[in-house]
Amino acid sequence: MSQQQLDEETPLLPLQRKARTPLPWRQFSIILFLQLAEPLTSQVIAPFAPQLIRDIGITNGDETSVGYYVGLMYSLFFATQALTVLHWNRISDHIGRKPVILTGLFGLSISMYCFGLSTTFSGLVLSRALNGALNGNVGVIKSMMVDITDSTNLAQAYAYMPLAWSTGGTIGPLVGGLLSRPVEQFPNVFGHSQFLKTYPYFLACAVPATFSALAWIVTSLFLRETVPTRVTLGRFLRSKYHKDTIPGPVTLTGSSDSLSTEDAARPANGDDSKLLPLRSLLIPRVIIAAGNYAALSFLDIAFRDVQPLFFATPIELGGLGLDPPRIGNILAIYGVINGLFQILFFADLHDRFGSKIIYSAAMAAGVPMIVIFPILNAVARVQGLSFTLWAIVGLQLAFSMILNLAYACVFIYIAAASPNQASFGATNGIAQLGVSIVRAIGPASATSTFSLSIKNPHHAWVIYYYMIALVCIGIFASLFLPRQLWKNQN
């Protein structure tokens, strides 16, 4: 179906300038706090993952196999998440967001404690699988953001999401590098601890695990439910296995634990209380929004995995030859600046240009972002680590920040694609399912292609062709997004 046909057949939400509703900061700040848990737990292992694989002996001293097992460990989380994320998001539409978030935080906490206590590869695999299987919070939290906002402040709310991820993605590696193998790093403090000698990575894993436990307590005490329904988990499960009928959400009155539905973000569409079956959600606009999210995530995770490899690869092999501390500083500075950039500029840019223009421009920024890689190596070969080279690195990071604007836009499209408010969770689950799949295969495919490029001079540009192809796929997918947000056809 062409873009013209989509625009003609799909009713569109008329553009209206409205005063921006203030964000409900008490609940919104709690949601941002909860978002820190996942990047902390996923990124804390980054500094010590290769050494951990060496220590458990699974490679039998074969250094070339370390990367394979590290990649497998990373991909396993997204693979198991892909198997369960849709179910968790659909469950949140029935029993509420809060119980699902509590389950996810419990899974994060337990799995990270288990990871720190693992001394075999099978133990690492089981803990990572538990982490992914129990954690559907990414999509559920996005649904909750839609629940507590409206069309005037949803863009502002989504602009804050990169701040939480950037903060967690910055703190996580710092914690992992500082607290792994503490007996060796701080012998005066931990030198007498036999426990930390036996489990040298437990302390680093215990920090995000304890944070997730703290987030569980905060959620339990202070987070207010946003779905106006009280179907118990037991009843939901009985309906799955005994074909009981579950009614749509029932509005609660006089409950201090539920936000008023008048405060929730509702698309201007049909019956908000009707819970739709999965088949009814697989409509063109949901598939288009979810497909764009997957295409964006594939490009982004490929770039995130290749960029530090490129920085660390010797200049003569096509990289920049930077040491780990310098790479860490670059990524940490980028994380902070990117988070601030999204907060300060996205909402105003969105109000002025709209989702389609910003998303298209962000995807187009991927082209110069990738092309800069070989330019950096060429400059490094001639001038070394000169001012010119650092300026070009800064330019690449600027294009990367522009690319990240696309995330908030695609989240808005996903929210608008939901047939009704009661199906926000399931719609986000469909989108997150596709993203989990591409994130399971993205790191391995990108790093393997990069390895091929540096091993054979005749294939030196293969990685850049590959990443440019990902940009083209993203640009092609963006052509199917309408200029105005979808509106229910009922």
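In case you wondered, yes, glycine gets a Cβ from its N, Cα and C as well.
Record features, source TrEMBL:
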COMPBIAS  252-261  compositional bias 'Polar residues'
DOMAIN    27-486  domain 'Major facilitator superfamily (MFS) profile'
REGION    248-269  region 'Disordered'
TRANSMEM  66-88  transmembrane segment
TRANSMEM  100-126  transmembrane segment
TRANSMEM  201-223  transmembrane segment
TRANSMEM  282-303  transmembrane segment
TRANSMEM  327-345  transmembrane segment
TRANSMEM  357-376  transmembrane segment
TRANSMEM  388-415  transmembrane segment
TRANSMEM  462-481  transmembrane segment
Surrounding residues of the transmembrane segment (357-376) on its own chain - C-beta under 8 Å, 6+ positions past either end: 292, 296, 299, 303, 306, 310, 318, 320, 346, 349-350, 389, 392-393, 395-396, 399-400, 402-406, 409-410, 413, 461, 463-464, 467-468, 470-471, 474-475, 478, 481
Tertiary contacts of the transmembrane segment (201-223) (same chain, 6+ residues out, Cβ under 8 Å): 27, 30-31, 33-34, 36-37, 40-41, 44-45, 48, 52, 98, 101-102, 105-106, 108-110, 112-113, 115-117, 172, 175-176, 178-182, 190, 195
Cβ-based contact of the transmembrane segment (462-481) with the transmembrane segment (282-303), 3 or more pairs under 8 Å: yes
Dominant neighbour of the transmembrane segment (327-345) in 66-88, 100-126, 282-303, 388-415, by Cβ pairs under 8 Å: 388-415
Residues from the same chain, set at least six apart from the ends of the transmembrane segment (282-303), whose C-beta lies under 8 A from its own: 1, 6, 10, 359, 363, 366, 369-370, 400, 403-404, 406-407, 410-411, 413-414, 416-419, 427, 430-431, 433-435, 437-439, 442-443, 445-446, 466-467, 470-471, 473-474, 477-478, 480-481, 486
Average pLDDT across the domain 'Major facilitator superfamily (MFS) profile' (27-486), rounded to a whole number: 82
